[in-house]
């Protein structure tokens, strides 16, 4: 088992990664939680595959278990599901000594984490992420959230889990498109880190390679993210680096209203921000091709959708949560492994992005 | 101006108390906040009295101001109002650099604080509490919350303000019943602290004395609460002392569904817990009379409502958020200024409270 320690101001916890770890989920959880009532939050995709098994392992380890299932998909990151889950925790009489376990992808983790953060002003929380995106991205950093009609993740909190248990074997049941989208975030990390990690992604030449290399890809990504989060828990400085590819990515995702998965939109964002910064003379032009090649190798999209207008793109960008002092801070690379930041006043944004949006 | 510093793991901030402080609210806020957009959250009672004045002072100090008004009363601590306020913040395009100012009593503070805690995963928050209860109680400690049908404050977060500005002059516009209920919490603090503070409450012989002594009563209460909160931000240990009178008080308040204000229910809780612990031989009998005298002097209720059955009381107690390991921890006094705690297993609760519930 690989253990990556994460230490924040709020608490310290471990991310444990091992193929087959799900079999030991009960005993692993018992290492950090005393016997208690545990509400497993899962969705209609993951629940039928794993909830019964996890329930049995937890029960065998001395926990009293309730399983709460939400509809699969981003639309569950809603007030309606928050209220439903909170009512269910209250009906099951969970107390401050009990806990919530997220079993599923990023949606389940974000939703269950937010519910754990606000129920009784916060009860214990643990994560068993089952999608590649959740394993590499949303399970480290303590971000929880739901969406509003005006944008993604506009409501939430920073709330750290007590433990994250990752079993790469769960990826074998993941739909191919979801496996590939998770790789979009991995490639972002690899480009920011460079060195061994960038060398590793050179070996991913087709979607099947993602599965074959899952364990090292996940380890590298989490180790990087943990370093960044430890340095900067609440996104004042270094954590902004994780937004590489996200300024355009988030806007495309918001505009698409479900057409693109998060990792797909990020893939477009990575290549287009590279094109943009190359056009502005801030990023070497060959990086655009390198990023494009690695992403296209697994079939990720890299071009703006043809029906996305500049007006719509700008409108979506204005909902970016990272707008600060009427400016948007972009992350770019001066070389693989060498990130940098550049703030653009909102007033200049249309002109700034013109090199990639002008047809 | 009296300044009481509060330091928690999350942040340090000041509680500033001064008669007439409201006139300087803009300049005081400008000491802790850079120029930014500020959403004032107030209610239909306080808004008409103070919102225009505060808006003007803030605008004069360089802030851009939006005023959001919720219906007065506990029923605004609801999901519906949270969603409405969040939508309003989003519509006004508040960013992570902006802030929420609570202008009102405990309901406004709890609701606005929770909204500030979860909008964009937390934006800046400041408080101008205008009721006595909010000034002495809910403005220190970082507790924010809304209610569920099954109980009060079941959803919320710990979220510290950047500053708390208290102007005792706002108490002159408070309905007499609300002034008196605030005194219920003050008397609780005085009994826990003893010494000078207990001597001070001996001079409160009628409701008008609360107003006359408001500034020192508020100062003593906040200084005590700040000490406790600094020692124990999240209610693991010492902070539990603040629950003196609240185990019964909360249950009576929940059962009454609006019949009793919080401070009134606490007054009943203080006298009845004293009776109970006197009957159990843990508290000197004369303390019951001392508490009763001080509370009755201002017209606060001290007896159980005649139509409250033991079954209903027990049922309401089972919703207590302080239930831990199937036990309820009671706070009592061995003397004025000498608090102690006593845990009672839920299984024994009916027997334990029988001395005060048996007719």
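Glycine too: its Cβ is placed from the backbone N, Cα and C atoms.
No curator has checked TrEMBL annotations; they are predicted automatically.
The domain '3-dehydroquinate synthase N-terminal' annotation in TrEMBL covers A:68-179. Residues annotated as NAD(+) binding site in TrEMBL: A:106, A:107, A:108, A:109, A:110, A:130, A:131, A:143, A:152, A:170, A:171, A:172, A:173. Feature annotation from TrEMBL assigns domain '3-dehydroquinate synthase C-terminal' to A:182-322. The Zn(2+) binding site feature in TrEMBL is assigned to A:185, A:246, A:262.
One way to see the shell of the Zn(2+) site is to take the Cβ centroid of A:185, A:246, A:262; the remaining same-chain residues with a Cβ within 8 Å of it are A:133, A:137, A:184, A:188, A:245, A:249, A:250, A:263, A:265, A:266, A:269. Remark: residue A:108 (NAD(+) binding site) has A:41, A:42, A:43, A:46, A:70, A:76, A:102, A:134 as non-local neighbours, by Cβ distance under 8 Å and separation of at least 6 in sequence. By neighbour count, meaning other C-beta atoms within 10 Å, the densest spot among the binding-site residues A:110, A:185 is A:185. A simple way to gauge crowding: the CB of residue A:262 (Zn(2+) binding site) has 22 other CB atoms within 10 angstroms, across all the protein chains here. Burial estimate for the binding-site residues (A:131, A:173): highest at A:131, by number of other CB atoms within 10 Å.
Note on the domain '3-dehydroquinate synthase C-terminal' (A:182-322): DSSP counts are 99 helix, 0 strand, 42 coil. If you measure from the Cα atom of residue A:152 (NAD(+) binding site) to that of residue A:185 (Zn(2+) binding site), you get 17 Å. Fewest Cβ neighbours within 10 Å among the binding-site residues A:152, A:246: that distinction goes to A:152. In this view, residue A:171 (NAD(+) binding site) is surrounded by 21 other Cβ atoms within 10 Å of its Cβ, with every protein chain counted.
Counting residue by residue with DSSP, the domain '3-dehydroquinate synthase N-terminal' (A:68-179) contains 46 helix, 34 strand, 32 coil. The Cβ of residue A:106 (NAD(+) binding site) has 27 other Cβ atoms within 10 Å, all protein chains considered.
Closest in space to residue A:246 (Zn(2+) binding site), of the binding-site residues given as A:106, A:131, A:171, A:173, is A:106, taking the CA atom of each residue. Nothing from the binding-site residues A:110, A:131, A:171, A:173 places its Cα within 10 Å of the Cα belonging to residue A:262 (Zn(2+) binding site). Separating the Cα atoms of residue A:173 (NAD(+) binding site) and residue A:185 (Zn(2+) binding site) is a whole-number distance of 20 Å.
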